[in-house]
Amino acid sequence: MTFKATVLTLYPEMFPGHLQYSLAGKALERGQWSLDPIQIREFATDRHRSVDDTPAGGGAGMVLKPDVLAAAIDHVSKGDTRPRLLMSPRGKPLSQNRVRELAAGDGAIIVCGRFEGVDQRVIEARGLEEVSIGDYILSGGEPAALTLLDAVVRILPGVMGNDLSGVHESFEGGLLEHPHYTRPQLWEGRDIPAILTSGNHAAIDKWRHEQALALTKERRPDLLEKTQAETK
């Protein structure tokens, strides 16, 4: 099964973007996943190919029209059961758990918002799952979509050279990742922790877990609270 990503956007030239220089780009070349950016404007029906209009009730900015976006969604999703994601700052925060769920599926249809937002009716009528990559505003959904794809594709089977690479990363097991060290042994008066060169793998694993736990307590206590709540 090949992971298939279909991206609805007003800027298809932004894809694959920086992904072509990463593991995701190499995997794309090898056919381990596919990417199909679709121009939303192609589904506009007026002579100006309009995709947006002023917000009902007044206000700043423009809103992506429901008829145009719905036509684009319908075109790419006939008989398609892939999740439909809308990159949106008001969406549910993207988590590593959701990334794993997406990677286990056969792909996703990703809608990149623009302007002030997307007409709420098309969100409801087409069952769009709003997804956020953080509590900040971007100029459009394209950078967010690329971030999501990077997170998903890198954990697809066979993409990382060592399938264990993803096991010890941040958010796996509900913890931030432990610190890393490499040669030289001594650098600017700072030594690699002796435990890491001891050859005692059980002790190394214990040290790494303790470090990950301490970092998580210091920087992201909310992750620990979430993990504790899920295990109750």
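Our numbering is plain: 1 for the first residue shown, then up by one each step along the chain.
Cβ coordinates come from backbone N, Cα and C, glycine included.
From a predicted model like this one, the values you see are computed outputs, not experimental measurements.
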Item to complete: Figure out which of Gly113, Gly158 sits with Ile133, Gly134, Asp135, Tyr136, Ile137, Leu138 in the S-adenosyl-L-methionine site per Swiss-Prot.
Response: Gly113
Worksheet entry | Greatest inter-residue Cα distance in Å for the S-adenosyl-L-methionine-binding set Gly113, Ile133, Gly134, Asp135, Tyr136, Ile137, Leu138 | 16
Worksheet item: Given the binding-site residues Gly113, Gly134, which one's Cβ is surrounded by the fewest other Cβ atoms within 10 Å?
Response: Gly134
Worksheet item: Among all the protein chains here, how many other CB atoms are within 10 A of the CB of Ile133 (S-adenosyl-L-methionine binding site)?
Response: 20
